[in-house]
Amino acid sequence: MPPPKPIAKDKQQVAAPLDEDVEDQDDADSEAAQTLTDTESSENPDADVADAAADQVTPERPKTPEWVTLGSMDPKSGYSMMVTLNSRGGAIERIELVQREEGNGKLKYRRVDVRSGYMGYFAASTAESVDGVRVNVVAPGTPAQIAGLQVGDIITKIHGKPIVRRNDIDIALAETKPGESVKVEMLRRSDAATSSEAADDSLTPQTVTVQLSEHPLDLIRLARDGGADQVIGNQSELSCLLTLAQVNRKGIMVGDEAIKGITDPATLVWTIEKANKSAADALSDVDELSFRLKLSSDDLDKAKGQPLELVRSYRLPKASYVIDMGIEIENKGDQPQDLAYRLFGPNGLTLEGWWYSNKISPNFSGAAARDIVYTSVANRHELLSGYDLLKLAKKQPEDPDQSIYSPDSDISTQALKYVAVDAQYFVTAYLPEAGKKAFTDLQRVSAGIVADADEIPRHKERAVNTTFYLTSNVSTVKPGESLSQTLRLFAGPKDPDVVEEYGLGDTIYYGWFSPFARLLASVLHIIGGVIGNYAVAIILLTVLVRGLMFPLSRKAAINAQRMQELAPELKKISEKYKDDMEGRLKAQRELQARVGFNPMAGCLPMFLQLPIFIGLYRALSVDIELRQKAVSSATSWASNLAGPDMAAYWGDWMWDYLSGRGTGWLGPYFNVLPVFVVGLFLLQQKMFMPPATDEQTAMTQKMMNIMTLMMGLFFFRVPAGLCIYFITSSLWGICERILVKKTLPDKKHFDLGVIDGTAVPTEKKDKPLTLADRIRN
């Protein structure tokens, strides 16, 4: 793809690739926003003829974008998310999850990659006349709004640190913590000032104190706001942009983003229409607004189109992760027109943990940090990997999109139940409107990347920005009628209860042995709910599972002991039949039959344990309940069991080959728990590995020790929850081996004469069993 061209290529776009030119464009757009005026054409109710004539020429439109927010961060508001929209394109710029935990009132989903305090999102841009950044939006309930910051304020200092560019805000807050207060110095335009007054005469210095909060998870954000997780090459694009896919006989060509020759609605500034709520309406359970855009005949001249009016509506209910979206394209001309639209999907999904997460793919190829998933009525859940989309964009840049279905596809595959951008713990998806099971009026659905394919670093390809688009069927729209579409945007966590409600349950994928993983995850939730600490819950669940497996482990140990008794005789057979493989196998079978030994009996317990252990591992890898759950509330160490314990940051001085995000073996943090895991693995080998009897065995043991140390490199970025599982399992294994050894039979399993073939097994006489015998058996 990507959707409409970035700022670096088109100065009318608000979205742009991540580079220094972005700030320059923001400066121009945002400084103009300081003197916003109503540039809409004046009404003339007395002249219908004049109105008709006005439809033929390009209407006056707002020149600079505005930002507006749906929802609130106020815990009392009941909203689960805040949505920041941009009037350029009438699209979504940012979605933040603000749902609270029951009881303590803390954010249920906060950013786990930062520990600094949060003021709010400002869509900030550099001021032109003074040193500072302009506040373009202040969301309700944020610390900034509570402290009194307003749209139009120019922030000059935070905590005594100068603020010149938008990134300076994050730098100034980097060393702060939630709950702390910071002084914000700013310039505010006086109420009496007009746009014609000089900036220095109308700006008054002011200082406010802002009490910082936790940082809510910015589920959707512009790539340039990604902080340390940002990857060069990913482009900043607004989400859910809308353009015309066809006007009469002219449509979007393959590889293009819009119809050539006509004005692209995605690049224009739309008029915001937000209803003025009364006191009673303010208590309603929904927040909503709409954007309106008029296109004249001149705008559509190359397509021989007549005037159109486009309306986009957004409706956000309280306590919901779903935004109701409406599209309406009205034919304002006097002739029927063939019309279709293209709606781009969300992009810029959080890159949280992309350099350490282990996302499981249903395909043989690996999953990226952000993939495209979809399900139709006829087909099962499918995944298009970000890796494959990037590879396609490099291979054929003239047509970089991967088709999900097209007009030539089987009709059964076109009944799409959902299409989504999928991350490790979160998903953003287009769903049919409430009451419908599938989209049935789409002509084409395709996926692609929002990035410069050639700029993405090789070792950071899994972080590529992905999206998709929907193209509607072509409809003949009569004068005064409209082409309309209603759909829903889900943007939320992959919580089983939440996603099942919206038919997105398949986005939680456990891989092989899924039933075991789901069962063990449910048990983990029960234990965690009772104990109140998921680190302890993981320990108890591991002990429970290993305890239940103890009888099988003991049987395997007994079988190993019996095998050890036969080892000398098996060695003799091997030496005797050194060059006769068939004779050797026959002699071994005869020996095993003579003593009544089945070598497969020791494998059966391991086969029974395998799905349970893999299921436990997958449950801990996929379960969102471990996200931002801490080992202990008394420390910030290991504050996220779904990520590395991050004991100390060394990314600022460690060699990038080791500490780089995506490029380094170890990652930017020193982690304590993986060191314990590797240490326990080495201890187990030391305690239970039999002494080497020859040079070859000694070399094998040395190689095993080296492999264990190498495995530590791969384990170094393993989430803390999994490390706790491995530590507990290893300690249990050590204790189990000692306990099993004490309960094994003291006497030999086989008579020496039976092994030599000079005697036959004697029948055992029944006799009362002692307690020790019962334990051994």
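Cβ atoms here come from the backbone N, Cα and C positions, even for glycine.
Over in TrEMBL, the protein carries these features:
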- 18-30: compositional bias 'Acidic residues' (COMPBIAS)
- 40-49: compositional bias 'Acidic residues' (COMPBIAS)
- 94-190: domain 'PDZ' (DOMAIN)
- 1-73: region 'Disordered' (REGION)
- 523-545: transmembrane segment (TRANSMEM)
- 595-617: transmembrane segment (TRANSMEM)
- 665-683: transmembrane segment (TRANSMEM)
- 704-727: transmembrane segment (TRANSMEM)
Leading contact stretch, 595-617, 665-683, 704-727 vs the transmembrane segment (523-545) - CB distance under 8 Å: 704-727
Counts of helix, strand and coil residues, the domain 'PDZ' (94-190), according to DSSP: 12 helix, 28 strand, 57 coil
For the domain 'PDZ' (94-190), the mean pLDDT of the predicted model: 94
